[in-house]
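Taken verbatim from TrEMBL:
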COILED    139-189  coiled coil
REGION    190-217  region 'Disordered'
Amino acid sequence: MYSSPDECLQKLKRLIERFVLDKQLTGGYLLFEKALSNEAKSLEFANFQPSVSRVDTFLSQNLSSYTDLWNFCKKLLLLSHGQAEVERGFSINKEVETCNMSEETVVIQRLICDQVKVCGGVTQVPLTKELISYCASARSRYRAHLEEEKKKRETEENSKKRKYVEEDLKELKQKKKSIREICTSLENDADRMAEQAESSGGSKMATLITESNSLRRRAKDKHKELIELDAEIENKIVELTKLS
């Protein structure tokens, strides 16, 4: 579907006509063309490997927004299996699914269902010592799993917080560097104007002294900002230490 959408559409031509004629599919070619031009050109379709993933599971995930098309694909898949493995996969998944169930839980429950079926039913599953022992310790393993998940979440949250604090600390240090450069520049200009005032007289000398004093006041204000920045930086360093 990804590499040769036109060829794919051509191969399905007769099937589409048959389904449309029997009123089992609406939209005809337009439905397929839309899916092939949108969904089938995605990275998921390009990377799909039949040997690794089930085609029914893959299509149900990627064609969920095309209800009629997905129903059409289900019927095609069932044709070659005599309503066997693929159809059983649909029904079993629906039976074990509940709200807020994680992917891992769905997989585990499917494994259990498959094994029960292999044994010939629930009453035919052999109750070995290993199975009884495993079930007896299930609660403690579940608690350990919850604790591990909790620690994992706390570690992730801590890592995010640390990243934010590190970014803030970097910005504060950069700001401190800029203000320090401004202070140096203001002080140098004030000294230069003071020297010029010494060799001048009259109104020019007064103007230069006034400008020099103004620059020194600005430099003094910037030094106060530096003191406040140092305090902020120190607080961020302490915060980082606590997050380590």
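Including glycine, each Cβ sits where the backbone N, Cα and C put it.
Source: prediction; values computed, not measured.
Per DSSP, the secondary structure of the region 'Disordered' (190-217) breaks down as 25 helix, 0 strand, 3 coil. When averaged over the coiled coil (139-189), pLDDT in the model lands at 90.
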